[in-house]
């Protein structure tokens, strides 16, 4: 047996397993010994090494090794079983990809089909993507598979479970499984008892980008506050002066009232004193409400990075009036809710949107049309549409019918629609890879924006209007302005479809949710990713920003909602309650409540303010808590598509508007 063959086999093994330091040390040793006479190698040892190298490359080693590891894991003690089961999925996908990389396509397919049922519940989306990997070239061409092979999985496990796994690998001498675990898994071992099964969502992090890269990105500084010299800022500055002046005027009025009451008889004086006490009580409660609102909305001020449009005087006055009359919501003061339902859509409705003042509702349909309803005309008689067919019904409390405005121009299903802050424009996105701008006053298409290469899943106006963001199947998000037909910025970094997009309150950032199970925060000026939020176990479908810009909520396909702190990039708490896709999220005007709408035919209201305060206390105490659900509002049998919260002077008005409709279908 030639010594060169043995050295080649050893070098090939070290290179395959990624033992670079050992490989370099062996090369140095070979170079030092090259000048001296080569020693004879024991034939038995040489045979053993070569047979080991050959058996290591055999496809049956993967199937047998994984099958034995799986059987041992499922037969482990229940106390440690759920931690050991976390190892199986990354080992499974890397066994499959290693078989494909070595050219054993048929054996890889057999292995994949034999064990895929174990992981379909938690990782169905990943398995559907990897199912298309049929040859070694696919591993390089598919970015998702390529990134998995280049990165490691972080798994949280207790010390005893870790020792049990090492003992099994040592006892069975399963070199193939040991190599995969060493190369692709990073264990985060913790002392003490095993973690609970409920923590499994955070225990395994399997993403394309490595955890170290995410940590480096999350160390970047961001400014989450509100804009300087905004309407809210001016109201807060004027609020102190107004409160002082109101206080002086109130004291003068009390003195005048007392002087008048002294000149009246005793009976009338008694009634006036009662009235005076009542007024004082009302005044006190009013001040408490305003002080709470100011406390919640107090946030640092930042400068805008974009040139923002100037608001008209009328718009500023309406915003100021709304802010002055805003009511502090909570468990003791829940909003009133109004439902509107799309009927007889025949699975043709893909999206819906509500204008900021609640006066208009838009729906995007699979027949490439966009339809707009005026809420003030509910109950009017039905107008015959094209070819003599009646219009769709949008029924409210009166179950009436009314006409709609038909907007046509797209060449494919409409997947998203959004109103401008003033309601004078609508943006729509479609599978034809375009975005269209419509005028609600002219009922006509104004601009067609082209830039994406594939279907555009979502589009959103900025809080100040003029700018908007879009996201697409091409795995990018883009920033646009109404007066330019080309995008201003392109945000690339997600490993799969970008399904939803949302603006930050100060217009300096946008957030994107993706099918790669991550949420990213982007700087609109530089186009750089400044935060990566990792924790979802399925595709992210909806996003919402808190009014003060500090928190973000994201909802996924499994029904989980996660609340994030933008400054730290950490998940504050998961919101568990929905049993199906969370399609829509929205914060109340003062930020104390979060409303969520789901395909499970419910709307849930969550207490944000008290829960975040409790979480801060719990973090100091070392315990965990979850966001408190205030109320669940079930529909009859319709999934909830859109939720919009409105600020009103009283809770008797429409605060929350929800749309129910037929199931949503994406033609991907």
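Yeah, the Cβs are placed from backbone N, Cα and C, and that goes for glycine too.
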Of 207-241, 242-276, 277-311, which span is tagged region 'Disordered' by TrEMBL? 242-276
Same-chain residue ranges lying at least 6 outside the repeat 'WD' (491-532) that approach it to Cβ under 8 Å: 125, 129, 143-144, 147, 207-209, 214, 217-218, 220, 222-227, 302, 304-306, 308, 457-464, 467, 469-473, 475-479, 538-549, 552, 554, 556, 564, 566, 569, 668
Over the domain 'TFIID subunit TAF5 NTD2' (56-185) the mean pLDDT stands at 87
